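Below is one structure, written out as structure tokens, with a few remarks after it.
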Amino acid sequence: MSYLSTHIRVVGALLVREMATRFGSKPGGYVWALLDPAAHILLMTMIFRAIARAPALGTSFALFFATGYIAFQFYQAMTSYLNSAVRANRALLSYPNVAPIDTVVARFVLQVGTTTLVAFIVLGTIVATMRVDTSLHWPTILEAVAMACLFGLGIAMINCVLFLKYPLYEQVFGIVNRPLFLISGVFFLPDSIPAPYHDLVLINPLVHIVMGFRKGFYPEYRAIGLDMNYLYGIAFLTLFAGMLVFTLSRKTLRNE
Amino acid sequence: MIRFEQATKYARTKGIKKPIIEDASLTLNRGKSVGLLGRNGAGKSTLLRLIAGAIRLDKGRIVRRGKISWPLGFQGSFQTSLTGEQNVRFVARIYGVDTEELIAYVEDFAELGPFYKAPVGTYSSGMKARLAFGLSMGVNFDYYLVDEITAVGDANFKKKCQAVFETKLQDSDLIMVSHSTGTIRTYCDCGVVLEKGKLTYYDDVEDAIRAHDINMKEN
């Protein structure tokens with residue numbers, strides 16, 4: 001019991017510390033963690049609205065793009081922040097009370113909260129300023145978000161270990177991870193991709209996350225090819241692999 | 001009480017595997033301060049970190065009864081962009097001690113004045129050391145781990161550290177690593193000699209020092 005309460009205490013302390021250090025030096029502090037991505041998304045949305053004539057779904061390009069981007073961010077912002085969770089806090093591991101997993105949990109909680117708030121700010125703004133009423137289907141949205149977070153957590157836990165063990169892998173991961181944004185169905189609907197490539201695109205679990213998330217905003221969207229079982233399978237498998245690697249590599253993480 | 005049960009730990013660097021302790025069993029009882037002796041590179045500091053629980057054994061286990069400190073005066077955890085006070089608050093939180101009490105204690109002890117509320121990055125090394133020492137003294141432990149006491153601050157501050165340290169030692173024990181046998185003699189009742197992966201316990205610190213000297217002569 002005291003074991004658990006120590007973990008909870010440490011995670012709480014790390015949360016405050018992360019919030020203070022991530023944006024602490026700038027005036028406004030943590031508010032920037034919200035404003036920065038929100039402004040980024042709004043700006044990108046506006047640019048794409050100017051370029052594209054009509055969105056692939058519905059009438060609002062802003063909503064189309066923002067739903068895709070935010071669903072993607074639940075994975076992307078998570079991994080990019082959590083990949084270095086242990087490395088960035090390594091000095092703290094000299095306190096026997098602080099376990100490597102605490103740093104991951106603290107960042108996970110902080111990032112889920114941050115992206116959620118960003119989603120509310122951006123999508124809230126867009127939905128509120130739209131002329132057409134949108135009916136949201138919350139279970140579908142939450143399901144996609146949950147899978148994005150768990151999948152991201154799994155990948156990040158694997159990376160926490162592998163980045164430390166194999167610096168070369170970090171480079172490779174960066175190269176592979178970057179174009180994910182383009183092929184995950186943020187700008188386009190995977191449904192519209194012709195036959196041989198359609199199946200290829202659907203291998204990427206992020207495509208399913210984006211599709212699932214969008215489905216919650218567009219009741220008329222059929223999301224052909226969306227396979228929630230596949231998504232659940234991949235997400236939990238990744239998370240399991242992450243936990244396994246993380247547990248087996250305690251020594252690497254503690255730096256001995 | 002701290003008990004080693006068939007504890008084994010290897011140090012690995014670049015493919016070289018060297019035993020720090022091998023199959024060591026040993027019991028350290030409460031009420032006695034221990035001096036850890038051993039030659040350079042024998043792994044005394046690693047042993048200290050093992051006792052703290054900051055790193056793990058390869059085999060066996062260490063049973064700990066009582067609260068064990070981090071190495072006295074440890075500064076590595078200070079986040080330079082946070083203020084001294086924020087850093088203290090963090091440690092108070094992870095150890096579950098009264099936050100305001102610890103903040104007040106360290107503020108009074110470390111004599112940082114207005115700098116207490118300034119980022120640690122702006123501190124001189126002496127100020128950082130005072131903050132770290134104050135923090136170590138502000139949390140109550142059953143065992144304090146000391147890796148080479150380094151004198152902190154000017155003569156007055158040293159006197160103050162000495163005084164606080166002595167009061168602490170009435171209820172707490174020390175586990176101390178030092179190359180100075182004089183320091184070990186002053187603070188420790190018993191001794192442990194680490195030599196070639198073996199831990200040998202001596203109930204009298206003088207015996208430990210003698211054994212250590214013999215080891216050093218043999219070379």
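The backbone N, Cα and C atoms fix where each Cβ goes, and this holds for glycine too.
TrEMBL annotations:
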DOMAIN    A:28-249  domain 'ABC transmembrane type-2'
TRANSMEM  A:29-48  transmembrane segment
TRANSMEM  A:55-75  transmembrane segment
TRANSMEM  A:108-129  transmembrane segment
TRANSMEM  A:141-166  transmembrane segment
TRANSMEM  A:172-189  transmembrane segment
TRANSMEM  A:230-248  transmembrane segment
Fill in: Contact yes or no, the transmembrane segment (A:172-189) and the transmembrane segment (A:55-75), 3+ Cβ pairs under 8 Å, gap 6+
yes
Discussion item. Can you tell me which parts of the same chain pack against the transmembrane segment (A:141-166), counting only residues 6+ beyond its ends and a CB-CB cutoff under 8 A?
Written reply: 71, 74-76, 78-79, 81-87, 100, 104, 108, 112, 116, 173, 205-206, 208-210, 212-213, 215-217, 228, 231-232, 234-243, 245-246, 249, 252-253, 255
Worksheet entry | Remote residues contacting the transmembrane segment (A:108-129) - C-beta distance under 8 A, at least 6 residues beyond either end | 11, 15, 18-19, 33-34, 37-38, 41-42, 45, 60, 62-63, 66-67, 70, 73-74, 77-78, 81-82, 145, 149, 153, 156, 217
